[in-house]
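To keep things clear, I will list the structure first and then write my remarks on it.
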Amino acid sequence: MSYEILGMAVLWTFLFGYVMIASIDFGAGFFNAYSKLTGKEHILTKVIQRYLSPVWEITNVFLVFFFVGIVGFFPSTAYYYGSVLLVPVSIALILLAIRGSYYAFETYGPTGHNGYAFMYGVSGLLFPASLSVVFAISEGGFIEITDSGPILDYWSLFTSPLTWSIVVLAVVAVLYISAVFLTWYADKAGDTNATNLMRKYALIWAVPLIITAGGIIYELRWHNPDHLELIIDLWWMFAISFIFFIGSVYFLIKKKNYGWSVTLLFGQFAFAFYAYGISKYPYLLYPHLTVHDGFTNDTMAISLIIVFILGFVMLVPSLYLVFRLFLFDKRYIQGDK
Amino acid sequence: MLFDDPVFGSRMLTMLTLSFHIIFATIGVGVPLMIMIAQWIGIKRNDPHYLLMARRWAKGFVVTVAVGVVTGTAIGLQLSLLWPRFMELAGHVIALPLFMEVFAFFFEAIFLGIYLYTWDRFENPKKHLLLLVPVAIGAAMSAFFITTVNAFMNMPEGFEIVNGQLTSVNPLMAMFNLATWTKVTHVVATAFMTSAFILASIAAFHLLRGSKQTYHKKGLHLTMKVGLVFAIASALLGDFSGKYLAEHQPEKLAAAEWHFETETEAPLIYMGILDDDQNVRYALEIPYALSILAFNNPSAEVIGLNEFPEEEQPPLFIHYFFDIMITIGSLMIFLGLIYVIGTRYNWNWIRQKWFRFCILLGGPLSMIAIESGWWLAEFGRQPWILRGFMTVDQAATQSDHVGLMFVLFAILYLVLGIGVVVVLTRMFKQNPVEKDLASLQGGEGR
Ligand code: HDD
Ligand code: HEM
Ligand code: HEM
């Protein structure tokens, strides 16, 4: 495997990790706010806080890993994306700040405030929405390369149906992933009310999820036919993803084996996410930047890979420890500890 | 709009974010060590006061870490957003420590999470203490890695540019450049010093408010001693930083010292103002001191600012930052020494209000020294972003929206800053030490 592909595979994997864990977190914040508004607070809040509080900083590092890693392996991305993303990413950062401070101020601090919980919940949906715009931009057609550098055409970006399909998909996916996961988590905690409520949410969001995902493929037909062709070549990966989706919804409907639901959920998104990633190859920014011309020098590539392996060897046991303590320790989940 | 010039806007936004981040980063580097020391003493002497101290510090620490993480993520992305050209070049040469830093963050975050949620889960308290070790190491390592990047910006090494092409990249040489070791050690030592004095301020505050608790007295004693040790280390390492500058970045030292003509037996100029013809007025002049600071030799020759072309001279106002930093550093050593000697010989007046008031000021002053030091280091690099290779004008984004973003982030940091203060004061007001101690004496132990 060439260094480019190895680098991209590692980064994509961490991005996938971030998307999944962060979605659980974002969706949970939204459900929490929603339940406060509709007076079902007592059902959800406890479960959600048990899961979220210890892990949010770790989640954030996955994001940091991705953006530091991509500048390391593909320095030209800093130039192309850095120049054009000032506004969307700054907005995302402000939303992130609202979320980060919520943990600090509400969870560790004294009594909660409903307005804050509400902002927190909404920011959890706006944040993925603002970041998902980057995926739309990477499809090409919104950036013009001028003498003074790349320039983003905001008008065509925000009037493109493709952009909005991606944004909607991001939001729906967040709600779905989170609802499925929390169904399982609440079930483990032995909280029947919360389980039933989350299960209901999961089933509600399953339908729009699959409609918007299909919608994007339809939009690409107009926007970037080359890319669409590559996606069609990978039809089997998307098919597997779809089968996993059906499986996980099946267990939800049958009210059993929620563990399987979550496993299949991860499988579903893994296949879709990697298939999408592979279909984009070799472009980092269509059609201006490919993984080959954006790549760093070999010396740097090798040192980054060595550091990655060393870091990874230390990381896995520590992550395992966290999961054992907070996710799979029955007594912690149930609130005895 | 506010900043029509994107270069100026980018500089100001970088300054804003970093100046805010560094407050929490400094606490993030230093406080885990302090918690560790307190918990260690507590276990060793079986003294519940120190254990409680560790626990209360950790509780407050979580809040500051959260803000540190948020602002750190902001600056991490802003580097690419505001300086795309620089990051493209830097990515090729200095990406290694940046990447390593992420792993340091991972360890810090993971073990901090475990530490905080496992206070009562271990039979053996030493095991719980062990969890702090990776937190402290992770924090110190993240300071180390990011400071090597900053050192690289001052002293770019480990690559060559041949006909506009980047060649012979050596990431380790870039990382361990000439500026690295003075910079890293000074940054880490000052972070320890500042964290200790901030915790001392808090103890002094409670004693001033009339608390008679031995708890606070023990806290004050511990933090002042640790603070003194690191204050002395900071001054020594700062002296090395000065010597590094004299040899390798003479324009920064010359601008900081208003030292215009190259001369031997150079005096050190303290404060003062400059008139239009570069004459120094109302300053305190210490003969030979600059030569000593620069080369440990009263008759050494120190290069003056006039040797450099005008467009490569750093701004002269960094003189004040330098003086503020050194003044505070010396004051804190003095304060620490008086405290330690005073407790030794049981002088009465170190328990008086006015002395405790001085200690109360020590924490905020140390933080001001940190800020001044960084402003000195960063403004003193102007006009370069990568000294000798790339200026800030060449590196900055061309976006028209930087000014607006500056306003947004300024509001954000204001809200976060107020939030931290409000949350921390409320948190500790609702759980005063007296209450925690009472539950300890009730035999509860938690
Ligand atoms: C509590 C904070 C603090 C204190 C008391 C001091 N410093 Fe400092 N100083 C810093 C905090 C700091 C810093 C924030 O950590 C800096 C900014 C950039 C850096 O590398 O460290 C710094 C930079 C810095 C530099 C510039 C290095 C460069 O740009 O490469 C010099 C020459 C000194 N210091 C010298 C001193 C001396 C002689 C001190 C004697 C008392 C001193 N500092 C006390
Ligand atoms: C955390 C403490 C730091 C503070 C308070 C700080 C402060 C500042 C200030 C005041 C400026 C504006 C200087 C000017 O434009 O005249 C600046 C610029 C800058 N700093 Fe720092 N800095 C810090 C650390 C760092 C580190 C560790 C790095 C690199 C990894 C860094 C990278 C930059 C860059 C890229 C600029 C913009 C270019 C420039 O203006 O020179 N800073 N910083
Ligand atoms: C350009 C300069 C800098 C960048 C890009 C940067 C980046 C970051 C990032 C991304 C985080 C969040 C990590 C997470 O998600 O857990 C962070 C936190 C942190 N940073 Fe910075 N940082 C910079 C300067 C500094 C400096 C100069 C220091 C130390 C002197 C420092 C020390 C820390 C520490 C200890 C944390 C952990 C959070 C905390 O305990 O407050 N950083 N930084």
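Each residue, glycine too, has its Cβ placed from N, Cα and C.
Copied over from TrEMBL, here are the features:
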TRANSMEM  A:12-34  transmembrane segment
TRANSMEM  A:55-74  transmembrane segment
TRANSMEM  A:80-105  transmembrane segment
TRANSMEM  A:117-137  transmembrane segment
TRANSMEM  A:162-186  transmembrane segment
TRANSMEM  A:198-218  transmembrane segment
TRANSMEM  A:230-253  transmembrane segment
TRANSMEM  A:260-279  transmembrane segment
TRANSMEM  A:299-323  transmembrane segment
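Taking residue pairs at least 6 apart in sequence, the transmembrane segment (A:12-34) and the transmembrane segment (A:117-137) share three or more C-beta contacts under 8 angstroms. Counted over residue pairs 6 or more apart, the CB atoms of the transmembrane segment (A:12-34) and the transmembrane segment (A:299-323) come under 8 Å in fewer than three pairs, which marks the two as apart. Under the criterion of 3 or more C-beta pairs below 8 Å, with sequence separation of 6 or more, the transmembrane segment (A:299-323) and the transmembrane segment (A:80-105) do not qualify as touching, having fewer than 3 such pairs.
Ranked by the number of CB pairs under 8 Å to the transmembrane segment (A:55-74), the listed stretches A:80-105, A:198-218, A:230-253, A:260-279 are led by A:80-105.
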